[in-house]
Structure formats: structure tokens, C-alpha cells
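Visitor: Before we start, here is the structure in question, set down as C-alpha cells.
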Amino acid sequence: PVRSITRTFASGKTEKVIFQALKELGLPSGKNDEIEPAAFTYEKFYELTQKICPRTDIEDLFKKINGDKTDYLTVDQLVSFLNEHQRDPRLNEILFPFYDAKRAMQIIEMYEPDEDLKKQGLISSDGFCRYLMSDENAPVFLDRLELYQEMDHPLAHYFISSSHNTYLTGRQFGGKSSVEMYRQVLLAGCRCVELDCWDGKGEDQEPIITHGKAMCTDILFKDVIQAIKETAFVTSEYPVILSFENHCSKYQQYKMSKYCEDLFGDLLLKQALESHPLEPGRPLPSPNDLKRKILIKKQTTETEVEKKQLEALKSMMEAGESAAPVNMLEDDNEEEIESAEQEEEAHPEYKYGNELSADDLGHKEAIANSVKKASDDLEHENSKKGLVTVEDEQAWMASYKYVGATTNIHPYLSTMINYAQPVKFQGFHVAEERNIHYNMSSFNESVGLGYLKTHAIEFVNYNKRQMSRIYPKGGRVDSSNYMPQIFWNSGCQMVSLNYQTPDLAMQLNQGKFEYNGSCGYLLKPDFMRRPDRTFDPFSETPVDGVIAATCSVQVISGQFLSDKKIGTYVEVDMYGLPTDTIRKEFRTRMVMNNGLNPVYNEESFVFRKVILPDLAVLRIAVYDDNNKLIGQRILPLDGLQAGYRHISLRNEGNKPLSLPTIFCNIVLKTYVPDGFGDIVDALSDPKKFLSITEKRADQMRAMGIETSDIADVPSDTSKNDKKGKANTAKANVTPQSSSELRPTTTAALGAGLEAKKGIELIPQVRIEDLKQMKAYLKHLKKQQKELSSLKKKHAKEHSTMQKLHCTQVDKIVAQYDKEKLTHEKILEKAMKKKGGSNCLEMKKETEIKIQTLTSDHKSKVKEIVAQHTKEWSDMINTHSAEEQEIRDLLLSQQCELLRKLLISAHEQQTQQLKLSHDRESKEMRAHQAKISMENSKAISQDKSIKNKAERERRVRELNSSNTKKFLEERKRLAMKQSKEMDQLKKVQLEHLEFVEKQNEQAKEMQQMVKLEAEMDRRPATVV
């Protein structure tokens, strides 16, 4: 009917506009007319949409591409547009090749309606619009909507679409239970459903499913099992997990087991696979291994008695005794008594009616009794809204206490539990030590958040090995949902949500699991599966091996957003890691009174740094002027396509809306930190970034200079480097001559220090400088004084001995002269008295006496000379020994003093280097603080940042980046300073060894001088 078309396309326009458009298309246009379906072709439908909602935004884009010069695009222009705008630059060029003329011609052939333009290889604005609105230009890679992931990894390596309290259609209190919910949830791709099982109280005592003690209606367990059988593998062939919350007696547990066995048949996985035995350390089977299999998640037997029963049951079953389970029930009197004691009532208000007061049943039962008269009345009231008053409901909620599942398990039910065995969580370290992959634990959202807060990395590692299930906390009586993203970030497999509530959390869940063929299983990223990788879900820095992304979304326009003349605006949010999540920050302006084709033309909303694109999702939501949701779409970032895209919207329940779309320009690229853009551009396109020399060579060629005419010359830098190396070479070291008292060298002691880079600023230590020091000069002066004093003493002793010897010689000579003169005078007197002739005999005698006297004199002189020579030589030797001894002592003192002075100089050098390092570190910290302040100031003054949250995020990101960079700089500086200190100590050690070696050489030379003096020693005297 035309009336239906009018309602669909009106969008605030008058009916006359629609009628006129239909008339122009040659279709019936009367209000009561009807259009033949065969006449209303897709082409007519497309033309009708274009007449009602003209695409001026695409016209503007078309003119921008061709420069508004023609009414068409050439192949080259189309190829350029496709490669520059419609292609993600991060994609591999081999797997995702660039568009070429051939591909552009295929697009023209497919979407250009004008045959003449097709033949010319041109595309009109109409053909361009058809292409942009086609499935080929979908906002996501279409293959991601098919089954594209590997399904051979262990179950723990997948996110699993999971439901909580699947049977409820609404609230947790006074809600209605429905078998149909299981069908719808499974058809939607959910792979884990929950069954709260209670004892039925009818004559047949059939197990029921209900929300115990919450005044919810009941459904039969067997009906649910039948519904699961019918729909479990319609949407997906991968395994379904039934999460049993068991409150039943053992008898009804047995009935549950038989229903599962009889209705599911071979679909039920009753035994572990031979390839994956239930042993510690053995990984779980893969979804492919468990295709078309149903697993039961339930605690196994707890007590020793139950374990013995289970072993006996298995033995009987292997022997083919089918009646064993029933017989076991009959014999199990003790367990029946215990079961009766622990039995819980699903509806205590049914049993007691109005007989019990609040004291008997508690406040919640009393309120229930005041509202309900019998079970029939209760069920009737449950089917309507407003089950109880607000006050009654609040009282129920305040007094409600969750009743845990029984641990008294029938052995027959235990035989059906294998790869999903819940255990009480005792800690991550305990789970790691046990290493049992088929054990799993459930956490309510609050407990899960607590573990994430304190043990985030351990939680991620736990989820690499075994499964975990998160479910809403008990306070969510309105069946609202928590945000699942935080638990996906930590690798939790079963993030269970209330499917009956189409809130934001469910939209994220359904948008995420729409990928991979809606099979209900999504493979976790590599770093969340590999045991050798560590991942912190709260990290604010890029993950090793994962390339961060930048995503910008420009909301251009909307089409057919509402059938009313209302105002609309668009919000764009990002969900992912905490640092990637940006909500309620980016929204367009409100376009008033236009629900048909509002044009927003906003500046791009830029998500600068998405650390983990694999976990991030983009949410685009349209609201009216009353902030009511019109439509939304969840787009996982890892499958998002760049370019100008039409995004078809979904309702709050994620059901596709027929016409509403948002036209956006999406830009995806690799995240590049500020300041590194030029480097990345140079790496991605080196030809555009030639070196300076290459540019100069090109300029020379442009002037007619041939490349062969340009000689290769060495750079000044290399010459300077060689010169510097030559200057820093160590000079030859030569010892002093032996005639000097102390050793020295012609080269500076610090020559070796110059060769060490990084410590050039420290003054050199030279021997000459040490010898010019006041302490050394003072000590040298003292030594010279001691030596001079000794020499004076020796000179005095020389003089004394010389005088003594001279006196002794003079005395002997005088005595000789006297005796000789006496003999001569006696002879002379005799000759005078007797005459010369008479004294001949006497003369001979006198001559003989004189000869004898002379002979004696010579003998005495010889003796005295020998004695003097010995005394003089002994004295000289003694003096020489004393002088040599004191010279040795003085040399030793001098060497030791030089050594001490050098050590002292080294200590000063070390202290000076430490001060230099402290000053350098202080300057670096000051410089870093200055940079941080300047960067923060630049962000605060950046007018391109539109809101406070983005500014704070940029500051936080900057602080994180600066902290990492500054710590790295300080680490490098500390390493450099440590290296310089080591170099200095090494050089100082070399210098000390050099000085000690010189001292030893000086001592050896001194010994050689002493030895030469001893060897040259001869008898001597002074005459």
C-alpha cells in the first residue's frame, strides 16, 4: 500500500512530497492505491530514496575530488580517491593490494548506470553515490562477518558468548520465565546458557527452572532441554555449555540427568575425549574438537561417599547394568536423609500461604503473603506489570538472600561433567600449582573487579590456562548489566550478561560477537594466549608486538534517522583498555527539525592513541533532542574499514533498522608519537626524504653538471676525528738520568686520561705538577738540608783527619831531620876538633847512621802512610755508605710521597667527577622538568583540543610518555656516568702503576750507582 510507503519514507515530510515522488517514478501515488511488488523494483526503491533524501553531501565530496570541473570522475581520479581515502595504509600491500585502473573499471562497470560513461571509463555522481552506498563499501571487512578465525585452539583461548539467568524475560524479582528465551538466545549465537534447577512440587515432581525465592514464574526443565536441543546448533555448530545451578534433590537430579541423556543423545558429551584426558597439565579441547557437542558445567561429587558411589556407578555402567542409578537411589537412605535436610524451596510463599508471619518466614515472605493468596494468583500477577508495590519490592530486595547451589550431587549427573568443572577459587597461585585446565571458577562482577584491581596480570595468566565465568552481582534486580569490556580486557572467557536487557553492555556484547560468523567464539589476541607473554590490562603504554593505532571519525550526515521532524545528534565512543576508552566526549551539534537527512559536517573526532586495537570497539549512536536513542552500531576496530562509509544503524536490541544510516569518513593509521612524524614519513617513503647531499647532487644536475664530474672527497669530520685520535695518543715515557735524585717523565702523566671519552673535563695529573706541589717541595727541601748537613759533617771529619795525618807526618819528618842534623853536627864538631883526616872513620860511621836513620825514617813514613791510607779510606767508605743510605732513604720517602700525592690527586679527581655527575644529573632533571612543564603548557594552550577530558588524557599520556622517556634518559646517563667512573678508575690505576714502576726504576738506578761506587772503591789518602 502507498500508505505504508508514506509512513516509511515520510521522516517529517508531508505526504504530498511522497505522493509526488511516486508519481514522478510512474508508480501509483494515491493514498489508498497499492503498488504491485513486481513494479516496485530495487531501482525504483533507490530512485525514491534519492528523491526524498537527496545526497548533497556526496555531491560536495564528488566536486571536491574532481575539482568541480566536470560531471564525472576519470579512472585515474577514482583510483587516486580509492587509494588515498578508502584504503587503510596499515594493510599489507601484498594481501591488500592498492587499487589500480582494472579494479576501478570493475567498480564503474558495476555501479555506473549510464552506459555511455561506462564505455568511456567514467563514473557520474550517481554511480559514485551507488558505490558508496553498496555492500562493497561496507564499514567492516565482510569476511569478518564470516567464520574467519582458527578454531583449533583450546577453549580457554576464546571469548565465549554467555548468558546469565537465561530463562528470565525481565526483572530478577517477580519476573517471568520463558522457554522461548533459550531459543532466542541460542539463535543469537550465545554458547553458554544458565539453568537454575529446583525441585518441582507437583504430583509428577518434575524439575523446574526459576529464580528461586524471587517470586518468578516456573518453566519445566525438560521443556528447556528440548528447546536447547532444537536450537543449539542452528546458528553455530560450536559447543554449547549448560551452566547448571542445582538446587534439586538427588532424585530430581537423576531425572535431570536422564532428560539430558535421552533428549540430547549423542549431542551430550558424557565422557572426555581420548585425545584430551582429564589430567593436570593437559589443555582443553578446541571448539573444532567439540563441534555439535553440549557440555554441562556443574560441580562434581564432593564427599568421599559420593566419590565411592560415582566409582561404583561407573563400574556398573561399564558392565551394562542400566538400572544401577535407580538402585543406587533406593539404597542411598543416608544420603536421602541428608538431602531432605538440605532441601530448599523455590517458592516458600506457595507452601505456607498466609499462615506464617514475618517472624516465621522473614520479612520478604510476609510481604509476599500479603500480596498473593495462592500460587495461581501469583502466576496470574506475574504475567502483568506492577507485580508488587514499590515498597514491597524494596523490602524484598533488601531482605533477599542468594541461595547457593547444593553440593550434594547425584553420581549419575557427575558422570556427565568433564571439561567444565567449577571449583571454589582459592587463589591464582593455587590454580597455577594445580595446573588443572578443566577446572574453572565463577566470579560475580564485584569480586572479579576486586581481583582485577589487585591481581590483574595473574588474572590474565589464569585465563590463558583455564576458563572463568563472570556474572552480574545480586544487586542488579532490574536485570541491568555491567560493562563487559573490563573483563574481556583480562581474558575472561564467559562474561555472562542478562540477554533480556538491551542496554549498552548487551549492545557491546552483540556487536563484538557478530564477528566470526556469529559462532559465539572469538579467538583472544596472541598475547592473551601465549604463556611467555605478560600483559597488563591497565597498561597505558603500547604492548610489545602490537602496533597502536590512531582512529578519527568525521560524522558527515545522517539519512532517514526518524519518521518525525525532530532534532538529532551523534555520539562517537571508543571502548577498549581503560586508556583506550573514551565515552561521552565526542558528539556532534544538534541539527534541529530534521530527522530525514541532517548534515553535521563536524570536525573529525580523533582517538589519537588506541593501544590495543584488537580489543577496541567503536560505538556510533544517534539520539533525538530528548536524548532518546534512535539507533546505534558497534564496530570492532580490528575489522573497521577506512574511508567514506555508510553505517547502517541498529536498535537498542541490536536489530537492524531498515533505512537509518550515518555517513562518516573514517581515517585509520598507525599511531605516531608527537615529534616522530617526519621520521615515520621518511621510513614509509624514503624517496621524498633524500639526504642533503643527494638533494645538492640533483640541483647540480639541474644546472648541467654531470655526476661523473663530482669527485668523492673525505669529509672534514673524518679528518678531525683522525687528528683528534692522534692528539690523544700516549706519549713515550723516559726515565730521568741517574745523576738526579728523583724519577720523572717527559710526558704528562694524564696523557692516557685524554684518550678516555667522557672525562675530558677533569684536569690531568702530571708528575711535574705533583713535584711542584708545596708538600713535595717542602719535603724535598728538608731532604736536601739533611743531605747538606751530612756532607758538612763529612767535610769536617775529612779536614780533621787530614790535619791529624799531616801533623803525624810532619812530626816524623821533623824527628828525622833532627836526628840527621844531630849526627851531622857531631861529625862536624869532631872534624873541627880532630880534623877532617882524623875523622874519616867517624864520617863513615856517621854516614852509616844517617843511612840507617833514613832507612828507618822511610820505613816509618811508609807505615804511617799505610795507616793514614787505611784510616782515610775507611772514613771515605763510611761517609759514602752513610750518604748512600740517606740517599736511599730520601728516595724512598720521595717515591712514597709522590704515590700519596697521586692518590690524593686521584681522590680529588673522583670527587670532581662525582660533583660533575651530580651537576649533570641535576641539570638533566631540571631540563626534564622544564620540558614537562612546557609540554603541559602547550597542551593547555592547544586550541585544537576541544574538551577537558581530552586535554587531561593528553596530559596523562604526555606524563606517561615523558616518565618513560625521562627514566630512560636517566638510565642512560647513569650508565654513561658509571662508565666514565670506571674509565677514570682504570686510568688512575694505570697512572699509579706507572708511578710505582718509575719509583722501582729509580731505586734500581740508585742501587746501580751504589754498586758502581763500591766497585770503584780504592785505597786513598790525603798528602
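Using N, Cα and C of the backbone, Cβ positions are placed for all residues, glycine too.
Values in this document were obtained by computation on a predicted structure and should not be read as measured data.
Pasting the feature list from Swiss-Prot:
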type	residues	note
DOMAIN	149-299	domain 'PI-PLC X-box'
ACT_SITE	HIS164	active site
ACT_SITE	HIS211	active site
DOMAIN	413-529	domain 'PI-PLC Y-box'
DOMAIN	532-657	domain 'C2'
REGION	711-742	region 'Disordered'
MOD_RES	THR734	phosphothreonine
REGION	930-958	region 'Disordered'
COMPBIAS	943-957	compositional bias 'Basic and acidic residues'
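Each of the listed features needs to be described in terms of its position in the shown structure.
Guide: Of all the Cβ atoms in the protein chains shown, 24 others lie within 10 Å of the Cβ of HIS164 (active site). DSSP assigns HIS164 (active site) to coil, not to a helix or a strand.
The number of other CB atoms found within 10 A of the CB of HIS211 (active site), across every protein chain shown, is 22.
Mean pLDDT of the predicted structure over the domain 'PI-PLC Y-box' (413-529): 93.
According to DSSP, the secondary structure content of the domain 'C2' (532-657) in residues is 3 helix, 60 strand, 63 coil.
Away from its own ends, the compositional bias 'Basic and acidic residues' (943-957) comes close to residues 540, 579, 582, 585, 608-609, 936 of its chain (Cβ-Cβ under 8 Å, at least six residues beyond either end).
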